[in-house]
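Notes to accompany the following structure.
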Amino acid sequence: MHIHKYEKIWLAFGIGCLIVFLTVVGVSAFAAGQQPPSCLTTIDPEKVDSTPPFDHPGLVKKGDKEYELNIVVAAFSFTPNAIEIPKGAKVTINVTSKDVIHGFEIPGTNVNMMVEPGYVNSLTTTFDKPGEYTILCNEYCGAGHHMMTARIKVVE
Amino acid sequence: MAQPLEKVDRRDAKLALAHLFVAFTALALGGFAGLLQTLVRSGKFELPAGISYYTILTTHGVLLGLVLTTFFIIGFQFAAVSRTTGALSDGSRRTGWVGFWLMTIGTAMSAFFILTGKASVLYTFYAPLQAHAGFYIGLALVVVGSWVSGFAMFAHYARWRKTHRGQVSPLLAFMSVTNMVLWLVCTLGVAATVVFQLIPWSLGLTDRVNVLLSRTLFWYFGHPLVYFWLLPAYMVWYAVIPKVIGGKMFSDSLARLAFILFLLFSIPVGFHHQLLEPGISPFWKYVQVVLTFMVIIPSLMTAFAMFATFESYGRSQGATGLFGWLRKLPWSDARFFAPFVGMLFFIPAGTGGIINASHQLNQVVHNTIWVTGHFHLTVATTVVLTFFGASYWLIPHLTGRVMTKAMNRLAIIQTIVWAVGMTFMSGSMHFAGLLGAPRRSAFSTYGNSPQALEWIPYQIAQAVGGTILFIGIILILVIVINLAFFAPKGETEFPVAEAAAPYERAALALENWKLWIGLVVALILIAYTVPIIDIIQNAPPGSKGYKLW
Ligand code: HEM
Ligand SMILES: [Cu+2]
Ligand SMILES: [Cu+2]
């Protein structure tokens, strides 16, 4: 097939960029561990209230400046819905849903993951700036979807 | 004496027009829903009579994302196939009508359950939200109808090849067939979840559903869906626009190669919509991210071909200097201007797509209104403006009329109105999304959250854009109705470009469907086998249905 010289240059440049880009993405994923939230733990969605750690949702101290935050998500609320976190804390957030699919997002941070019945999802973040943060649901879950919210206060 | 124009057979024209009629009806109703959404989200307006925002949003997504696109594409492709490979056989045409009525009845059925509030599950209908069974059955009929029409096109193409042994098929027919193969392979996924999971479950025959499997089957379909929308626009760009401007197609065989690459790399990639999901290992997500990015290669080929066509034409008209050819393009011809503006919008749209599909960056924008901004550039601008541009010759060609100068001028204005409205709406969606504003959400301040208050100015800008866009919808409807019923009688050309160079032997090799379909299946198996086995074997207890609206 005849390919024009300029098109060869254009494609070589494009494919070169693509390889560099995918390498950067791959290295940061597999060598630096920057993976999207992909927890593989399953749970019975109808027994969330009696399955640890979701039987006692909330913030749990795990070590020096290390915390676990377990949140139960259901239409149309987050439990607990008012959380205080010390500044600089490294927090692993675990979430699961008791009913339909929800989203878990904290605007202004990179905290964003899907919450699906039957699965625990999880990510780790550090709260460096004090202030009020909003948790909201960003996956449509029914009539009260846009009312679903909770607060995090990061304190000194 | 001038040669008589090559025309689409009159009976085939009726079939194509029936599809376009449903498509533009969907545009009118869906566009009105879109206007209401932007008004509600501005916080200054509430829907009357207790109508739910999510009923409106489901209507908008289904009518514009699924109905407008599928009907326009199938109608356009019937016309393109008939124009380039001759009138359909009576059998193929009858099959086409069966497909049309199945799709139309399915659409009416789904629309009924949406509008009566029994299916406010949005156009992605994620389980375990459970709509009325009639909604899913209607959607299944739409898909089956589209298959029937696809088979009519395949049969017609096969007959042409049999009677033209050793010849390369006309480009538009080849491209239509490629797009229908893509559609057939990808809709198998959504049909599987609708027919085997959701219909029995909504009828109460089964009480639980595997949520992750259903979503995965949906997204196996959801990404190639966007290429099913895009490829007909590329057909217009590759095979029609060069003729409209008076030039030649840059390369016939490279155009075919690009289409085959789109076919191969648009299907095994659905996980890039599921990057933030539990239950899927990050390794398989990354594999599909890599496959996703392969479509950049045919996209770059397409961009090159377009600008090469424009530049060669301009220079053949005596243009000089680096950009002199730009001045030679027929800016005042809406058949060129509308698709060209669509092409320009694809530059930011494609860039946004690269961000969305990136393994890590996705986390910043996932399920924010940024994503809505993104696909209003891709499908609602690039694709839709190209479809509008095609309608300006296709409809009068099919109805035996001609577009008047006044209508052409109105079409230029329509294009500008659309571009301005979309710049406002989509631009402010992108900005608000970066600040975290969620998509698919009615107006809310989230308890006067300081973050949510920051989004309000952008939401007002979206309503301004939405209002301008709605004016654009009224303008296109005026033009389309004029072209269909009122424009002066006459003959309009269905422009089909010739290649600059003679056919290459390579083009013939590109019609090796066994090879391409084999490769498509192999890539799908590589990308999906292990994760799907995982999803089934390690499944948590299934979910009951919920009606939470
Ligand atoms: C008058 C023109 C239009 C306006 C004002 C408009 C407005 C909107 C708005 C505000 C949303 C997002 C609402 C939300 O997420 O809460 C939306 C979603 C959507 N729009 Fe449009 N739109 C228009 C035209 C189109 C066109 C032409 C198409 C397709 C060809 C389209 C396809 C979609 C789809 C598929 C969704 C997603 C629905 C969902 O998330 O469930 N729109 N539109
Ligand atoms: Cu929600
Ligand atoms: Cu995609």
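Backbone N, Cα and C define each Cβ position, glycine as well.
Because TrEMBL annotations are produced automatically, they should be read as predictions rather than curated entries.
Database features (TrEMBL):
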DOMAIN    B:14-485  domain 'Cytochrome oxidase subunit I profile'
TRANSMEM  B:20-39  transmembrane segment
TRANSMEM  B:51-76  transmembrane segment
TRANSMEM  B:97-115  transmembrane segment
TRANSMEM  B:135-158  transmembrane segment
TRANSMEM  B:170-199  transmembrane segment
TRANSMEM  B:253-271  transmembrane segment
TRANSMEM  B:283-307  transmembrane segment
TRANSMEM  B:336-355  transmembrane segment
TRANSMEM  B:375-395  transmembrane segment
TRANSMEM  B:416-436  transmembrane segment
TRANSMEM  B:456-485  transmembrane segment
TRANSMEM  B:515-536  transmembrane segment
The transmembrane segment (B:283-307) touching the transmembrane segment (B:515-536) per 3+ Cβ pairs under 8 Å rule: yes
Beyond the flanks of the transmembrane segment (B:51-76) by 6 or more, those residues with Cβ under 8 Å of it: 15-20, 22-24, 26-27, 29-31, 33-34, 36-37, 40, 99-100, 103, 107, 110-111, 114-115, 117, 119-124, 139, 142, 146, 149, 179, 228-229, 232, 235, 379-380, 383, 387, 390, 394, 440, 442, 549
Per-residue pLDDT averaged over the domain 'Cytochrome oxidase subunit I profile' (B:14-485), given as an integer: 95
